[in-house]
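Engineer: From TrEMBL, here are the annotated features:
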type	residues	note
TRANSMEM	A:27-45	transmembrane segment
TRANSMEM	A:57-78	transmembrane segment
TRANSMEM	A:90-110	transmembrane segment
TRANSMEM	A:122-141	transmembrane segment
TRANSMEM	A:153-173	transmembrane segment
TRANSMEM	A:193-220	transmembrane segment
TRANSMEM	A:241-263	transmembrane segment
TRANSMEM	A:295-318	transmembrane segment
TRANSMEM	A:338-356	transmembrane segment
Amino acid sequence: MSEVPRSATEPGAFSEWLRRSTWVDHVLLAIRISVAALVLVGLAGGLTAGTYSAADFVSFTMFGLTIGSIYALIALGYTMVYGILRMINFAHGDVMMIGSFAGLFAAGALNDAGLVNALPLLALPLVLAAGMAGGAAMSLIIERIAYRPFLHVRSLAPLICAIGMSFVLQYAARGLFGTRNRAYPGFGWMEGTVSLFGLIVPIPQIVAFIAALIVLAGLLALVKLSPLGKAMRAVAEDRDAAALVGINVGAVIVATFAIGGAMAGVAGVLYALVFKQITVFMGFALGVKGFAAAILGGIGNLGGALLGGLVLGLAEALGPALVLEGFGLPAPYQLKDVIGYGMLVMILIFRPQGLLGERLASKRA
Amino acid sequence: MNKVFFSAATLAAVLLAASGSRAETLGPVTDALGVVKITKGQPIQIGGYSSQSGGDTNQGIDELRGAEIAIKDAGGKVLGFPVKLLGEDAQCTAEGGQTAATKLAGNKQIVAVLGPSCSSGARVGAPILWKLGIPSVAIGATAPALTAADRPDGFKGFLRVVPNDLKSAAFTASYAYDKLGVKTAATIHDGSPYTEQLVRAFEKNFVAKGGTIVASEAVSPTDTDLRPVLTRIATKKPELIFTPVFTSTVGFLMRQKDEVAGLAGTKVIGGEGVFSANVIEAVGPKIVGFHIVGPSTDLFSERFPIFVKNFTAEYGEAPIGGFSAYGYDAALLTMAAIKEVGKTDAEGNLYIGRQALHDAMMATKALPGLTGALTCDTHGDCGAATYAIWEFTSDDQSSFAPGTNPKRIFP
């Protein structure tokens, strides 16, 4: 990347940049300027159009944070597996779907047992636990069947296998659960809305956001503070060296998949609580979003996954209202994904390591 | 050089003659597109193509069975000649339509074809048949483009007895404006040709009546968060939202609508795509009071119950929905036209001019069909619109039964 001129007034700085830069630098600079101009014009137009009140924007932000925290949970699974195995687990979105269905069946069983009515506050943690267990179990099975055989193989095979697993899970679920949309229960107390600073916010959104933060904090604590976390970081740093100092690499990989699957299961249940209906094919689109969040934040970086998820969620929720509205586009919400993925492309062009980058020893970077 | 030029000119002349005019005189009939001669004692052959395999099998089988009943009701004969229906499988795909139409087109004795069940098959099949001068009467293809004024020439021989989607839009607009007295409406489509064409037609009709479309929005079928779109719509304060989108989107929309300030009292009318039990589960408790526009067999002619009885006696099972009635009407329309243009010679042979048959079919007026009075417009739309507005009355999935849940509220 070219050196940024120290000061425009300094004689020769600009000509020095011109001399050293190539046409690629010029094109990239032109892209930067035009994207910035597009966004600024859109922002100015969107804010002056006055279609939405301030309360609307706050409510979009709240929603962006909710969906963003769910993206973050999914992104964590991608990032953890990538950090350790250098492999993208494309079946991760479908693990989330399995977790979501596990939660659905648990909720149905609890409802039949009368527990939802008797102990409404306990039902939610139990359903979340079922989702985590379902996701973790599925993730372990996938690791055992599809990835472990490729552990010491350097090829594209694990990637292709991951894509295959994704289809196997989708269509197995289709055969078992059917293609219809399944309604998710709401446990009575979660059905309503609360008033926060004059804003009406649905309770499931708040629950999902807080639950996601708690789970994320727990995961970060596990990775930073526990012996298992230390082992995981060591394996991520250098698998052979970790094995040499007595770390059971196989066990660490299994643990990583289990934790990633559990995160996906939580994400699946929280997603279903917010959106109230699930299908067997929902994993794919959400998986891609989670993957995008992981890339955005810097794949392999846990904090980056969190940041990437929130940024993607906010961009999707606010982008159409803030930027596209300014251009007077008809039906701007159809272009929601254009903003999210356009941002991803920009990140890949200008900061390929992601927002936070991967914090690894320099030899791995 | 001269020789080459000469052969090229001859070839061009021959080609021109072959493609330019297919006029033919056979017996007492001269026709621009050719004449079908049916020797005395031989049957009049009518082709049929519908979904006999794949996901829409039940619909396709019912449709051709309906046509068989129509032939039977006519005594099995037209102008003293027995009528034979040759069924082919068009599945519900473009490939199926092509295969079936090609097979039917190979039979030069076929005078007209009934079908297909799906717009995708019609798009490919109808031109193949019309190229040989065979008109087709669709029984399930509803896409507006097939009978649009600017349709390609290949569809000039295409008619349908099933109502064009545009009629459902006109019906909905009239219900909203005239019956509900709504003056402002918003629309949402999901980018699919079906929903977008329907929404555009609704907007046109609603505006023509004097209403105002305050917001015309779109989502994608995979969208789960519709709150921003709904918030945008809420700022325009419509009295009604028309959205013929599919089950999952309707689920998200109805569940999230009341969370958006200002939309709690807004009515929503959905399309016939969600006329199923599954939408009840997708929407949950908010389904109660949800309106959809959909076809109604209650509004078919008074002969429909008798038809159902005959059908059941013939095939040992009741027809599913109204599909078989469209098959019946397609056969009815075709036979009426044959009766009009068929001419016999002294030996008792029957001659049917292809162009004349097509013109007679297109000229159908107030033919008392099973689904209502059939009148063809200049583009080939002959269906009697039998739409109704339905309202869901319960969120219990097992209670789905057209008539009670959803209940017909208009007309």
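Here the Cβ of each residue, glycine as well, is placed from N, Cα and C on the backbone.
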Engineer: Do we see three or more Cβ pairs under 8 Å linking the transmembrane segment (A:295-318) and the transmembrane segment (A:338-356), pairs being at least 6 apart in sequence?
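Structural biologist: Contact between the transmembrane segment (A:338-356) and the transmembrane segment (A:295-318): present, because at least 3 Cβ pairs are under 8 Å.
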Engineer: Out of A:27-45, A:57-78, A:90-110, A:193-220, what stretch is closest in contact terms to the transmembrane segment (A:153-173), meaning most Cβ pairs under 8 angstroms?
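Structural biologist: Selected stretch: A:90-110, with the most Cβ pairs under 8 Å.
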Engineer: Is the transmembrane segment (A:57-78) close to the transmembrane segment (A:193-220), in the sense of at least 3 CB pairs under 8 angstroms with a sequence gap of 6 or more?
Structural biologist: yes
Engineer: Mind checking which residues of the chain, 6+ beyond the ends of the transmembrane segment (A:57-78), have their Cβ under 8 Å from one of its Cβ atoms?
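Structural biologist: Residues 88-89, 92-93, 95-96, 139, 199, 201, 205, 208-209, 212-213, 215-216, 219, 260-261, 263-264, 266-267, 270-271, 274, 286-287, 289-291, 293-294, 297, 299, 302, 305-306, 308-318, 321-322 contact the transmembrane segment (A:57-78) from elsewhere in the chain.
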Engineer: Which of A:27-45, A:90-110, A:122-141 shares the most C-beta pairs under 8 angstroms with the transmembrane segment (A:338-356)?
Structural biologist: A:27-45
Engineer: Hey, which bits of the same chain come close to the transmembrane segment (A:122-141), Cβ under 8 Å, at least six residues off its ends?
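Structural biologist: For the transmembrane segment (A:122-141), the sequence-distant neighbours (Cβ-Cβ under 8 Å, at least 6 residues beyond its ends) are 77, 95-96, 98-103, 105-107, 110, 115-116, 169, 187, 190, 207, 211, 254, 257-266, 268-270.
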